[in-house]
Amino acid sequence: MVAMIKVLIVDDSALVRQSFKAILESDPQIEVVATASDPYIAVQKIQKNTPDVITLDLVMPKMDGLTFLRKLMKQAPMPVVVISNQTNKGAEIALKALEYGATTIMAKPKISTADQLIEAKVELVDRVKAAYFAGKKGRFATGLKNYIPDTSQRVLNKEYSNQTVIAIGASTGGTEAIKQVLLKMPVNCPPILIVQHMPEKFTASFASRLDQSCSIVVKEAKHNEQVKSGVAYIAKGGHHMSLVKSSNKLLINISTGELVNRHRPSVNVLFDSVANVIGKHAVGVILTGMGDDGATGLLNMKQKGAYTIAQDEKTSVVFGMPLRAIENDAVEKILPLEEISDGIYNYLSK
């Protein structure tokens, strides 16, 4: 029998608490054991109900969510799904929550239409389950830690045209994993296209933070932008990103549309486009995350001649996406996170 995932909902809005409870308990694996309207009540509910996962609103009375999160991680660390407003300020606070130890972040959903309710259910349930499985591994604090940037300023020993691309996909735990990979990338590396499952409004702040730490340029991708060496492009939250070719130039296509593999942006959308547009002139990397997004796309890349890498189980916060890709025979090399940059560098240096 599968163990129930016990959840505590912390939010000052009674309507949100009620809505989240209904959404989460529509999944047979999840039980909402308690709700709390402020952090002080939350502490009591944690002691009484011992939840597996907490959903935490960051804007609350009496004590703000960041302060509560910081105290919680010092005294009784556990998986936390941070719920944030879809504003630029909300995005910055949410990314700060990752630094303080939150497992994952999501935008507070809009549930005024049936389609929005369906998407909210998919995302909230997936985030809670991902946090739970991360917690089972004892790897629930997944945020942007203050690593010392790689200062070697290494350079590839041969020049790559903008017809070669590195494609990376990640979900839970990916914010930190992506940072570790990018910190060691050569300044003249081929263009890097990245899909991290993250809400709209959050990806611009995420890209900006990475750009401040890395030797290469990191930015949120724009529609019809030509890809360039030494630049990493983060897919815009809430939008699919794909690679297209026009007049012998490689361009970024940003689009909306249906969820693919329960996500938008989808890793499969990116990987499939890279496979179909440039075939063997690519490297595909699948990092930590729950689910199977990216598994079929990475296989497509491999079958078209691209070099493919998966993060190993030991260093993955959630070994879902890499495992599905490995099981799909889509992976040539399995590497710990700290060796992935070297793996890409060594392949491109041949």
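Placed from the backbone N, Cα and C atoms, the Cβ positions cover glycine too.
All annotation found in TrEMBL is predicted automatically rather than curated by experts.
Taken straight from TrEMBL:
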type: DOMAIN; residues: 6-123; note: domain 'Response regulatory'
type: MOD_RES; residues: Asp57; note: 4-aspartylphosphate
type: DOMAIN; residues: 159-350; note: domain 'CheB-type methylesterase'
type: ACT_SITE; residues: Ser171; note: active site
type: ACT_SITE; residues: His197; note: active site
type: ACT_SITE; residues: Asp293; note: active site
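There are 29 other CB atoms within 10 A of the CB of Asp293 (active site), with all protein chains counted.
A straight line from the CA of His197 (active site) to the CA of Asp293 (active site) spans 10 Å. Ranking the recorded positions Asp57, Ser171 by how many other Cβ atoms lie within 10 angstroms of each Cβ puts Asp57 at the bottom. There are 29 other CB atoms within 10 A of the CB of His197 (active site), with all protein chains counted. On the 0 to 100 pLDDT scale, the domain 'Response regulatory' (6-123) averages 90 in the predicted structure. Counting in whole angstrom, Asp57 (4-aspartylphosphate) lies 21 from Ser171 (active site) by their C-alpha atoms. Per-class residue totals from DSSP over the domain 'Response regulatory' (6-123), listed helix then strand then coil: 57 helix, 26 strand, 35 coil. Taking the C-alpha positions, the distance from Asp293 (active site) to Ser171 (active site) comes to 9 Å.
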